[in-house]
Structures are given as structure tokens and as C-alpha cells.
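Q: Please read through the structure below; I'll follow up with questions.
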Protein chains: 4
Amino acid sequence: MREKINNIIFGHDTKGGRLFDIILLWVILISVILVIFESIPSLHLRFFTTFYYIEWAVTILFSIEYILRIWSTKTPLRYIFSFWGFIDLLSILPTYMELINFGFHYLLAIRIFRLLRVFRILRLIKFNREAQKLLLALRGSGHKIGVFLMAVISIMVLLGTLMYVIEGGENGFTSIPQSIYWAIVTVTTVGFGDIVPQTVLGKFLSSIAMILGYAIIAVPTGIITVELAKNKSEDKVCEDCKNDNPDNANFCNQCGLKF
Amino acid sequence: MREKINNIIFGHDTKGGRLFDIILLWVILISVILVIFESIPSLHLRFFTTFYYIEWAVTILFSIEYILRIWSTKTPLRYIFSFWGFIDLLSILPTYMELINFGFHYLLAIRIFRLLRVFRILRLIKFNREAQKLLLALRGSGHKIGVFLMAVISIMVLLGTLMYVIEGGENGFTSIPQSIYWAIVTVTTVGFGDIVPQTVLGKFLSSIAMILGYAIIAVPTGIITVELAKNKSEDKVCEDCKNDNPDNANFCNQCGLKF
Amino acid sequence: MREKINNIIFGHDTKGGRLFDIILLWVILISVILVIFESIPSLHLRFFTTFYYIEWAVTILFSIEYILRIWSTKTPLRYIFSFWGFIDLLSILPTYMELINFGFHYLLAIRIFRLLRVFRILRLIKFNREAQKLLLALRGSGHKIGVFLMAVISIMVLLGTLMYVIEGGENGFTSIPQSIYWAIVTVTTVGFGDIVPQTVLGKFLSSIAMILGYAIIAVPTGIITVELAKNKSEDKVCEDCKNDNPDNANFCNQCGLKF
Amino acid sequence: MREKINNIIFGHDTKGGRLFDIILLWVILISVILVIFESIPSLHLRFFTTFYYIEWAVTILFSIEYILRIWSTKTPLRYIFSFWGFIDLLSILPTYMELINFGFHYLLAIRIFRLLRVFRILRLIKFNREAQKLLLALRGSGHKIGVFLMAVISIMVLLGTLMYVIEGGENGFTSIPQSIYWAIVTVTTVGFGDIVPQTVLGKFLSSIAMILGYAIIAVPTGIITVELAKNKSEDKVCEDCKNDNPDNANFCNQCGLKF
């Protein structure tokens, strides 16, 4: 019995497991859309009770699922303190918190806390195997992308400081953090236009920054393309030493075994 | 006779078929440009009758083509209810609708309906084989791109909710859907600037979102590049040594076997 | 004598030819910077005579070069009516036009005509072999990029028309061409923010357009990467049938010659 | 003794060298964050003395390091006049300059000079080997990227000049440099929106520029991807059959030769 439920809840290969996944997916989607729509004042007033009932239905469903997960797994503590266990708890806690409101009536805090339910959307990624495969394929390039981002952020810090010196507070560059924010908006080619350079030197430096931002996007793209292309090659695994060889190999390049 | 017309209308290889395609292409282009120019008030007043006559000429041409298509094909129902059959009908219906105006004088509805004629532009893609080949080549990466978009949209929903909490209605983040719209504008690096973060925390979170949006564009690019590179080589595998040869090979380049 | 000058002017391999190229490059750069700086009112007033003399010096140099080119080449007419011959003429004509001012004193027309001298910058590309090699490498992907652009422009036309219907003139979408202009600004992720959607439906459609524009940039990138990668592979050319084989080939895949 | 310190300061492989690197990294980070936070008026007033003491602590640490570097290296002059030697000096000089303030009380000049300490962030890149490997991998594509940038800047100059002629000063295109600045903002897809085309012809030309800028980003991406893919395989060529094997191969995968 316990193992059967474990198979349905944690597994994805049995018929029951797949059905469970699909139902859960729809419940997550509905609950996220609910949180989004609740924030629209006109809808909030009109469908207050509807929203209230759906919210409690979803929370009770998620609570049952959460309890079943703890009960059916062999390592309940590891599940509770795992990242996904935390997300699962975050999906139900806010609704219960509203009931308690013990002593302190920090309405705003509760209202904000309730919005955390939108993190339920992360559960969608958990159930998507393709997403996890993609993340795995990209893990190899993580270090290189990190180095690239470090270099880009260094450029943004330098650029922000220079623009703070050149433009100054009267043109909107009121402090270095503000100028760095502008540099990020510019180098990433977002370009809100809330702060723009006014001086000739500022415009010249911005031009260099924009061309730089436009061109260096090629670097992470190259890194990830090469990484994904590498994962693409379906290697010929040596039966003897389990080494990966390219698919056109006649001999294993580690132990010399003839294929 | 019927087969001959079928060859001209549906085929692209005979001399008549190619001529038919080129004429149709120009008629489509003219009719789309007409719809676009009609919407400019000054041109609409000045060339009202010219527009009227061209529109009817194009519609009659398209009607004849539509009837001939139904008459010449062996599977008329399958054509009528296909996607392209629907587009073909949509290309002629609006003009006729204007004639009828039975009872209800919903002028605005008709005016909007007439603009649907701009969907004729989709017919251009139908006649372009290269476009269909490109779509076919990309089909293999569709699932991965879908997963990527799902992840990006999840990030946008989370970011939008967080910004709604941080910035609030007085800074333009009036509801979660509005905040998600802002998140889409920011992460895709469009950056209209109609809504911009005002608080320090909001600017910090936006900075992270912008750098994220700037860097993760590399993921779909990598996926599609790998997909297109794969489709490039439709290999001829050697029966003898199982080596991959380019598809125009006469001999295996590893063992010299004649194909 | 004539051949010697031809070698210097048209060639890039002799010592004289390289020196000529470098001098010409600097003269072009100076003359373009001159045109740019002349447009700044304060500089125009202060350095009027300096600009005047430099301009005439550059024009006389270019004129001598133009005459020598015609004189030294064996096919003067082909040079004159070639694209680069036209650019070379455009580099000198505007300055002379100012002298003549025959009868009509269309000052504005002449002023605009003078700005055409900035097209001299195109001559920089002519002298850069690497640029021409890059263009050659990209020529193979031209057709595919064209198809991609046609599809993107079709989407922009459809999007523009739909937004014209949804938003209407009061929100800045005053005509379909104006709406298409907005669609181009949005799909290319430029995002000026001079026109922005105001209605809920308009924002929803914009969101889809932005995500689309953000994702489909991957397509031309993939096409060009594959094209450049293809040109990279240094093939093993068969001595017998001149066929290109991959560099790991043991036998020519066209005639079976053993390498 | 001298060699031991040299190993710790310049080396990265010994235990002491690694510890030194990590401590230095944190000191650099703290000092950069200090410069950034100092620029916020409210923080500047409140933590004036704290900032002052940390700044001097960091400067003394960097000074000791600088002196030890000069003393321990065998080629002190080469270090002092190298790029990194200059950056190291720039990291300490501004703080000392404040002490001296000899005669002239150019407070603004000193204040600006102090901000130069933010260039300490460049030292982060120096200590990151992966960043230097990435730069090395990209060096091969430097020439091609340069040609691409030259072509893009040429387009921006031409576009800027044309827009200056079309739009003119009353629409914000007050001079050619200003118009070129706008062209850079547009072609790089930043799109601040501080200057936007107003005329129909200007909008048409902008549309072409935006589509161009959107599509040609594919070129540097392609160049860098191909370059990075090439650098991936430092092959071991078989002496016998000249086949390319991966660099960790023990046997040739074509003929089985032992390396």
C-alpha cells in the first residue's frame, strides 16, 4: 500500500503515476492563475468568495499530497529539508497562516506572504523531465558562463562609476549604484530610457558600452552552443573500459579495443 | 482539363504552375499593401474609388482561384477545412460581407472584419518552399524551445509577482498581470520604459532580471544552431564499415565501398 | 608607367600599393570625420575656413585618384559604371557642385547633397579584404536569411494590423503603417517606448510578440553559425576529380581514389 | 625567503599562494563595494569614519603587497610598467593623493581621482585563470570581430547622416554626432527612446535599421561559436594514419596505433 502510493506520487512511469502528475500539473496551473487574477482589484471584489473556495480546495489538495509524500517516502527528513520539499511547504503554509493571525494584525505582511504561493509555479519545472535534461546539459558550461557574467558585471561597475563622474547627479546619475543600474540597463540592451546621458562625453562612452553589450552577447551564445553540440554526439562506448569514443572510431582510443 | 488546371494551381514544377505562382504572389502583395495604405486617413479619402476598384478586382481574382481549387482537387472537403483553405476563404469573405450588410449596421465590426484581409500575407509563406523547409528543420527542436519558453515564462511570473510586492501600485505595478507584462518587457530586453522600478530593491531585482534575460537568450540559440547543424548532414551510412558519408557520396570515404 | 600606377592604385601586394592604401584610408577617415564635425553648429562657425581648406584638399586628392584610376585601368567604362566607381564619383562631385550653383540657389538641396560625402566611408569596406571574405562566407546563407526576414516581416504586418484594431488611434496606433512601425520596434526588441499598448488585450498580444521576437533571433544566428562552420572545414581535395572530402577521409567519395 | 614570497604572491599552485589569492580577492571586493557605497550621500554622512578607516586599511594592505611584488620579482621595472602594475599602482595612489593636497585645493579633481579606485575591480579578472583562458580562446576571432564592428559602425555613420538630413534638428537630430548616437542606440536594439523619428521617411529608414541590427547580431555570434568550437578540440594527430584523435587518446581510433 505504502509503496504503491510512493510509486504514484514520486514515480512517473506507471499509469497511476502519470495520471497523478497530469492532475497535479493542472491544479498548480489553476492555483497560480488564481493568485495572479486575485491581484486585479475589480476581479478581487467580484469573485471574492469564488477565489476563497478555490484557494482552500487547492490548499487542502496540496496538504494531502504533502502528508502522503512524507508518509510514503523512506527518507521523510531528507524530503522535508530538500529544495522541492521546501517549495511544497511554501505552497500550503500561506493559506493556513491567514487562519491563525495570532495577536499581531500585520495585514500587509500576510498579504505579501500569500503572494508567495506563486512560487508553486516552480513545481511545474520539477515535473518536466526535458527541463531537467536541459539543465543537466547546461551544467558543463556553468563555470564559463559564470566567468563571463563576472567580466560583464565588472564592466558595468566601471562604466557606472565613469558615468557618475561624467554626468553627475543633475542628469539622473545620482550615485554609483544608480549609475551601475543604468549601465546594466544599457549593456544588456534593455534601454528603459528613464535615465539617459546628456553630455557629449557621456553619450560617447554610452555608445561604446552599447556596441560592447551588443557584440559580447555572442560569447555566452558560443559557449552554450558548443556545450549543447558536445552533448549531441552519440558516442560509441567501449565495452571493455567504458570510454566514450566518437561514433566514427574503429578502435577505442583508451584501451585500443577493435570495434 | 481538370487535371491540367490542378497542375497549374497546386503544382510548382510546370511552366504554367510557376507563372501562376508568380502572378498570385504579386496579387497578394498588392492586396496587402492596399489594406495597409487604406488605413491612412489622408490616402483613404483621396484614393477611395481607386482602392474600391482594386479591392474588387483582387477579390474576384481570388474568388475564381478559390472555386478552381475546389473544383480541380480530388479532395475538395479536405482542402476547404485545411488551414490554408481557411486562409484562402478569409481572403475573399470580408469584401463580400460589405455588400450584404443585412439588417445590422455594425459598421465598426465590418471595418475590423475587412482588416482581416491582411492575413492574405500568410499565403506568401505557403508558396515559399524554402520557408517550409526551414520550418521542417526547426520542428525537431520545437519541444526543447517549448521547455525553454515555459521556464522563461515561469521566471517572468515569479519576477512580476515579486515586483508587484516590492514596488506596488503607486509606481505603476498596479496588479500582477501588469507586473508580469513589465517583466516580459524587461527580460526580453525590449525595455519600453513606460513602467520602471523606483525603489532600490526593485532596481536591484530588475538588474538581476535584465542580466538573466541577456544571458539566457543563448539557450534557444544553442538549441536551434545544434538542430540546424544536425539537419545539414543527411548522411549515407556505409553498409560495410558503418561510416557516415555525405549524402552525395559515391564511395565510402573510410573503406572505399562503392554505393 | 601606366601599368605601374595601375599596380599601385588597384593592387594591394606591392610595397607602393600598400602605402597607397594606407594613405587613402587615412584621407577617407579624415574626410568622413570632417563631414560629421561640420554638422555641429558651434564647430562649423569657429573652424569654417579650416574645414573649407581641408575639404578642398581632400577633394583634389580624390579627384587625382579618380582620374588616375580611369586612366590606368584597361576597362575604364566598366570601372566608371561599377558600384565602387559610382561611390568614388559621389565622393568628389558634391564639393564641385557648390562652386557651380548655376541659376537655382537651392541652398538646402546643396547642403544635403554635400552630406552625401559621408558615403566615402563605404570605401573603407572596399579596401578591407577580410570584410569581403566575410561577405563571401555569408553569401551561402543569404537565401535562408531572406526567407527568415520575409517571415518576420509578415509577422510584423499581421501584428501591426491586429494592434491597430485593438488599440486604435487614441493610443498612438493611428494607422496600420504606424502600427507596423511599432511592431518592428517591439519584435526587434528595440523598444523605444514612444508608442506603448494601453489596453489589456494589447498588452497581452505585445507580450506574445516580445517573447516571439526574443526567441526567433535564434534562427538567423543558427543559420549563420552553421554556414560559417561549414566554411571552416578545410577539406581534402581529391587530386583526380577535384571533389571536396572531409579531412578524415581515406577514399574520395566521388571517384573512390585512395588518399 | 625572497623566492618564497615571490611564489606566494605571483604563484597560484602552492597552498600559501592560493590562500594569498583568496584573501586578496576579498579585500578587492570589499574595497570596490566601499567606493560604490561611499557615493550614496546618506551612507557617506553616516559612516564617514568607518569608510575612512576601512579605506586606509585596504590601501596599506595594497601598498605592502605592491612593495613586496616589486621586491620579490626578478624584473621589477617590467612589472611596474606592465598593465597590471599600472592598475596596482592606481589602486593605492588616490588615497595617498588626498593626504598631500599640496597648494591647489581642487576638491572635485581629487574626488574624481578617488573614484578611480574602482578600477581595482580589474584585478579580479587578473586572478581568474578561466577568464584569461576564455580571452585566449577568443583572440583568434578578434580580427573578424573587428571587421564586423567596422562594418556596423560604418552603417551607423551612414544611417546617422541620413537621419540628420531627413529628420533635422527640430525632431532631436540636432547634429550628425547626435544622429550617430541615435543610430547606435537603435541598431544595437537598446532603444532608449529619448530621440525618436517623427517623419514617415525617418520611421521607414529606422525600421530597416532595426531589422538590420536585429539580424546582423547573428554574425559575431556565428564567428565566436565557430572559434570556440575549434578551440574545443586540441587534437592528437596520429603519426601513422594522420587521423585527428581527442587529446586524451591513448590509441588512434582509426588504425589502433598506440601513442
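Note that the numbers count up from 1, one per residue, in the order the chain is shown.
The backbone N, Cα and C atoms fix where each Cβ goes, glycine too.
I grabbed these lines from TrEMBL:
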- C:18-234: domain 'Ion transport' (DOMAIN)
- C:20-37: transmembrane segment (TRANSMEM)
- C:43-67: transmembrane segment (TRANSMEM)
- C:79-97: transmembrane segment (TRANSMEM)
- C:103-125: transmembrane segment (TRANSMEM)
- C:145-166: transmembrane segment (TRANSMEM)
- C:178-197: transmembrane segment (TRANSMEM)
- C:204-226: transmembrane segment (TRANSMEM)
Q: Where, among C:20-37, C:43-67, C:145-166, C:178-197, do we find the most CB pairs under 8 A to the transmembrane segment (C:79-97)?
A: C:43-67
Q: Which residues of the chain, 6 or more past the ends of the transmembrane segment (C:178-197), have a CB below 8 A from one of its CBs?
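A: For the transmembrane segment (C:178-197), the nonlocal Cβ contacts are 152, 155-157, 159-161, 163-164, 166-167, 171-172, 203, 205-206, 209-210, 212-214, 217.
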Q: So what's near the transmembrane segment (C:145-166) in sequence-distant terms, Cβ-Cβ under 8 Å and 6+ beyond its ends?
A: 173, 175-184, 186-187, 197, 199, 201-202, 205-206, 209, 212, 216, 219-220, 223-224
Q: Check the domain 'Ion transport' (C:18-234) for me and report the mean pLDDT.
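A: So the average pLDDT across the domain 'Ion transport' (C:18-234) works out to 85.
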